[in-house]
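Taken from TrEMBL as is:
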| type | residues | note |
| --- | --- | --- |
| SIGNAL | 1-22 | signal peptide |
| DOMAIN | 13-178 | domain 'Reelin' |
| DOMAIN | 216-331 | domain 'DOMON' |
| DOMAIN | 335-533 | domain 'Cytochrome b561' |
| TRANSMEM | 374-395 | transmembrane segment |
| TRANSMEM | 415-434 | transmembrane segment |
| TRANSMEM | 446-465 | transmembrane segment |
| TRANSMEM | 477-499 | transmembrane segment |
| TRANSMEM | 511-530 | transmembrane segment |
| TRANSMEM | 568-588 | transmembrane segment |
Amino acid sequence: MEPPVLAFTLWIFAFLSVPAAGYPNGKVREACSSMMPRHEHSPQPSPEHTISVNETKFRPGDHIKVNLSGPVFEGFFIQARNAENLAGPAVGSFMLAEERISQLLTCGLVKNSAVSHTSKSKKTHVEAYWIAPTDAPEHVQFLATVVEKYKIFWVKIPGPVISQPNAPPLTTPTSITPETLPTSQPVFHLTKSFNASGCGSTKFCIRNPAKCDPGAAYCFFLSFKQNNHSVLIEMSGPSEGYIAFALSHDQWMGDDDAYLCINEDHRINVNTAYLSGRIPPVLDSENGLEDISWRVADGLVQCSFRRNLRLPAYKGRFNLDANYYIFLADGEASEGLIHKHHRQPLITNGMYNVTDSPKDVGGSRSPLLLKLHASLMFVAWMTTVSIGVIVARFFKPVWPHSLFGKEIWFQVHRMLMLTTVLLTSIAFVLPFIYRGGWSEWAGFHPYLGCTVMALAIFQPLMAGFRPPPHAPRRQVFNWVHWSTGTTARILAVVTMFLGMDLPALNLPDPWDTYTMIGFVAWHVGIDILLEIHSYCLIRKVEVIDEDRIQILQSLTSAEAEGHTFKEIVLTIYICGNIAFLITFLAAIHQL
């Protein structure tokens, strides 16, 4: 059962729901220099699209209209460069003509120096205005990259050359030779799987499950091994898409340094990203990584690379000689796009310095506070409240004797219900402590949880003002009390169903749904059995209908005759509830 959700964009966690190798949103700053889409395919040789301008001469400050047109395409990237140095940086800035389909990008130190698409919508032409800078070169040429679809694109399509007045003739060839086409960073294929040799002694390792072999099909593995001023990083995990890790100052996405290994057609792209929150990450055109190697085999994605301890020239890269929480995530990728991770990322239980003394650690895919939240809620709404209701409904004639001035059944019922309120109240505040406020990513679960909390508090408050047994308003109180309690229990079950499938709890799906259905069926079955038993006793002594209505208040002596049967059923019911509870707690805490 999938929980309803309001919206998703989420990492490695949410960050992993956004593009990393293909960019339908046009955020292609990492292609500023090469103008090459990171699609891991070769560009087409013969351009089918053309660039035109409305002027051939320009002066600093002039606005030149630039038009890109041709067969239907999805993406584009336009720049102006010095015609005598096409490998150089972008020149001038642009102004949009169609904000719906185009956007401005900053390349290098020049603001708004490129134009790109905003979506994958089909288009046949785009327009923009190029603004000549005061320090413009004598000759400027426009270049464009056009993407028809993921595997079909053209890079650095040459456009017209415009010149300043009185500029000498252009002598440098304007055609783009193979030498000016971008080349990808050299990578090497790993010949064998990683191993855990040295974990805890010569290198820092994170493994999930603990102590697993990185060559096993179920093992997620991350290691750091320092060598002078650099660190060799190895990452491995079962995935058909990507695996990734991030360094973080806290246990939340945002202001993090992330590294991704993305599988595209059995080739691995190694990317870095700076996470600034629950928004698409900013990928680096130059990431400072060296000695990149990778391997795809036996259902495992494995990659290794080396980076310096400190990379001050690269914004967003953290120093490796400091303490961080470490995230490890995986998910699906298709056509260069990475999708939201299908389960909660692994997060180390503490902050670690990977260049300090080597350790071999694990982590958790479910935060401790959320585990406690779920555990307390299950105890409250699977045991104490359900047993308390059974006792109040069917055990008045079985336990009629007094204890501390009240009938035993009432004392047991009140103790169980107050325990339910106490456990619910404690569990209620734990997610707020963990989240630091309200969660917008948990669907309807928190809304229903607040409703259950309100009803749980209202019940004992209302019980404190109940009328005497024979007062005229006692019948009204009984029905309101029953209705409120029943509503709270139904909503609690629905809330638990929704909460079980949230990634942060990391319960196995669909096991959790089927087990919860089993618990509901168990409770309803016991309730029906006791109802039938009570009905049969009443029919046995031929009680009239008017008396049957009073069954909640004054059960007959005939019902008391079946107290042994009820006590046996209650014992079985309690044992069954405890079994369900232990099963859930074992799954939550991965015992």
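Each residue, glycine too, has its Cβ placed from N, Cα and C.
Note: TrEMBL annotation is automatic and uncurated.
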Average model confidence [pLDDT] within the domain 'DOMON' (216-331): 86
Seg_contact(the transmembrane segment (374-395), the transmembrane segment (568-588)) with at least 3 CB pairs under 8 angstroms, min sep 6: yes
Surrounding residues of the transmembrane segment (568-588) on its own chain - C-beta under 8 Å, 6+ positions past either end: 366, 371, 374-375, 378-379, 382-383, 386-387, 390-391, 395, 505, 507-508, 511-512, 515, 518-519, 522-523, 526, 529-530, 533
Closest-packing stretch to the transmembrane segment (511-530), where packing means Cβ pairs under 8 Å, from 415-434, 446-465, 477-499: 477-499
Within the domain 'DOMON' (216-331), residues counted as helix, strand or coil by DSSP: 0 helix, 69 strand, 47 coil
Sequence-remote partners of the transmembrane segment (415-434) [C-beta within less than 8 Å, at least six residues beyond its ends]: 367, 369-370, 372-377, 379-381, 384-385, 387-388, 391, 446, 449, 452-453, 456-457, 459-460
